[in-house]
């Protein structure tokens with residue numbers, strides 16, 4: 001027996017309003033969308049985690065798409081659902097061949113940020129500001145490929161943080177985007193997908209392989 005077709009809960013204006021939390025839209029989609037629909041739109045999993053990676057435009061598009069395609073819960077057979085979910089997973093695992101230059105509808109950010117030490121919550125860098133950072137970069141197996149943090153006392157005394165203009169393409173995009181969300185004094189762990197790191201080519205000189213997901217611990221010590 002087919003499930004009852006849900007009614008639209010919000011108007012377009014309400015969906016785009018800041019008063020409507022992303023979590024409410026995700027909850028609605030998870031309650032009413034079929035598993036394969038949710039998998040295609042990367043909406044499966046813990047609501048809090050999905051809210052971290054999905055932006056509002058992506059959720060609004062998914063909400064409208066759900067009603068256009070009528071792919072509600074209970075409308076697909078189990079075998080079809082598992083096949084589609086499997087296909088989506090396989091496609092996600094393959095390196096993307098689409099043009100990385102395309103900026104329209106990029107979907108959720110290609111990085112996640114975990115705060116290790118809170119900053120002052122008042123001084124945030126803007127595009128074009130010079131930021132000063134200590135950092136350590138590791139591959140998924142834990143290999144450190146780059147750091148400016150010195151361990152010996154002598155080197156530590158002469159060490160200087162990395163300084164660059166943020167948000168203007170001087171560093172990988174994952175850094176540019178993440179640092180704009182950090183406040184002075186904040187230390188965070190950044191897990192950056194290949195698309196916002198070194199992509200399909202990698203960085204052979206730094207021993208970074210193609211399609212590598214990178215992890216950085218970054219401390220924003222100052223902003224000019």
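One is the number of the first residue shown, and numbering goes on along the chain from there.
Heads up, the Cβ atoms here are built off N, Cα and C, so glycines get one too.
As the structure is a computational prediction, the values presented were derived from the model and not from experiment.
Swiss-Prot lists 89-102 with the feature compositional bias 'Basic and acidic residues'.
The domain 'PPIase FKBP-type' annotation in Swiss-Prot covers 128-224. Mean predicted confidence for the domain 'PPIase FKBP-type' (128-224): the pLDDT average there is 92.
If you look up Swiss-Prot, you'll see 2 marked as N-acetylalanine, on the strength of a large-scale study or a structure entry.
Secondary structure at residue 36 (phosphoserine), as computed by DSSP, is helix. If you draw a 10 Å sphere around the CB of residue 36 (phosphoserine), it holds 21 other CB atoms from the protein chains shown. Annotated phosphoserine per Swiss-Prot: 36 (among others), in sequence order, evidence recorded as a large-scale study or a structure entry.
For 99 (among others), the entry in Swiss-Prot reads N6-acetyllysine, with the evidence type similarity to another entry.
In the three-state DSSP reading, residue 152 (phosphoserine) counts as coil. Long-range C-beta contacts of residue 152 (phosphoserine), restricted to its own chain and to partners at least six residues apart, with a cutoff below 8 Å, are absent. Residues or ranges marked as phosphoserine in Swiss-Prot (evidence: a large-scale study or a structure entry): 152 (among others).
Secondary structure at residue 170 (N6-acetyllysine), as computed by DSSP, is coil. Feature annotation from Swiss-Prot assigns N6-acetyllysine to 170 (among others); the stated evidence is a large-scale study or a structure entry.
Marked as region 'Disordered' by Swiss-Prot: 89-111.
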Secondary structure content of the domain 'PPIase FKBP-type' (128-224), with strand meaning DSSP E or B:
19 helix, 35 strand, 43 coil
Taking the Cβ of residue 170 (N6-acetyllysine) as the centre, how many other Cβ atoms fall within a 10 Å radius?
13
